[in-house]
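**Q** Got a structure for you, written out below as structure tokens; questions coming shortly.
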């Protein structure tokens, strides 16, 4: 049921889709997740990104692992933006999944392959 409510799209044309960018140095993985990279997302009490979650699903693993969650509680400061950086260690390949929640337009997802 939840699966049918999660939206996705091309982040270059849709401001709600989380953008996932990562760097790997040995086992240390640095992942930046942002919403509104190409088209800025509003950050007002009436329309904002409330949170971002990052998951890692290792190849051969049964379930994805929650790497972290960031909540954005200030929705009136023009200097804040929905962006978070996560660090974790793994030697495995797999998929990175990001979820973001817009208080008006709901859940949005994106995924990238971690090599």
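Every residue gets a Cβ built from N, Cα and C, even glycine.
The Fe cation binding site annotation in Swiss-Prot covers 14, 16, 41, 47, 102, 105.
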**Q** For residue 41 (Fe cation binding site), just give me the three-state DSSP call.
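**A** Going by the DSSP assignment, residue 41 (Fe cation binding site) belongs to neither helix nor strand, so it counts as coil.
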**Q** Taking every protein chain in this structure into account, which of the binding-site residues 16, 41, 47, 105 has the most other Cβ atoms within 10 Å of its Cβ?
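**A** Output for this query is 16.
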**Q** Return the count of C-beta atoms lying within 10 angstroms of the C-beta of residue 102 (Fe cation binding site), excluding that atom itself.
**A** 20
